[in-house]
Amino acid sequence: MSMVNSRLEALGVKLPVDPYPAALAASVALLIISETNSFYPGSAGFKITASLSFLGAGIQAATTGDALLRPENRSSIAMVAGLIFSLIGDILLIPTPTRYAQKQTKSAPTCSPESDGDSPLFKAGTLFFALAHISYIAAFLSGSSLAAFRLPDFVLALSFGAGLSYWLGILQKTPGPDAWFNIPQEMRGLVTAYVVIIMTMVATATATDTGHQKIVGAWTFMISDLFVAADAFGVKKAQAQNCRGQQGWKARSVGWIAYFGAQLLLTGSI
């Protein structure tokens, strides 16, 4: 692991201290294995242990020595707050056993009228992830001066994120036939607010990071959210033949790798 860290540091990437990266990687691997085998206790449990790994790494980094007292590390509290909100969001987004079984079965006798995005737990999870992004925004701004803020980078990143979200159908009031997502009308306000917040987080990271670790972490986080949105609001999911449940574990696995990788990068920046 130390050899991997040395190579990453040569590229300007710093991972949290051991054993947190290894614990997170093992948890994600076991999470994916559990998902491929429709093993609910493992799917739920290993997702939580993976989240606890990046949170533990963040807390240790923020409380090492006088880290919280040094002026250049005033953003540490905000970063840890974001990790805590993320952990809560992860727990809330874990489907109930009934919903999990319904999603994982290859054939279901009936089609459920309720999508993932309609559930109160999904809405609550979205709220906590919005709080996580707001915390990250505060952390990025606290770790940078106004003079160092690159406004052109901020505008460019925000514009790209808005354009991508609109093209995918996330921000369209009436998505066209080629849209990737179809957000229910009752969810549109919450989803739009969340998208604006995460785009602002990504743009702020792009405009303030003096290296590239926070930038890569922020953009990867946003990419992982697209997989969550696809699982909840994807057009193909809504048009599944005979309303039969789809496993979708491959897409979720890619999303988890991107998400936990992003959190690992952001945690390493503390």
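Heads up, the Cβ atoms here are built off N, Cα and C, so glycines get one too.
Just so you know, TrEMBL annotations never went through curation; they're auto-generated.
In TrEMBL, the transmembrane segment annotation falls on 75-94 of the listed ranges 35-54, 55-74, 75-94. Distant neighbours of the transmembrane segment (127-148): 72-76, 78-79, 81-83, 85-86, 88-89, 92, 190, 193-194, 197-198, 200-201, 204-205, 208-210, 214, 218, 225, 266; these residues of the same chain sit at least 6 beyond its ends, with a Cβ under 8 Å from one of its Cβ atoms.
Beyond its flanks by at least six residues, the transmembrane segment (75-94) meets 43-44, 47-48, 51-52, 54-55, 58-59, 61-62, 67-68, 121-122, 124-126, 128-129, 131-136, 138-143, 228, 263, 266-267, 269-270 of its own chain at Cβ-Cβ distances under 8 Å.
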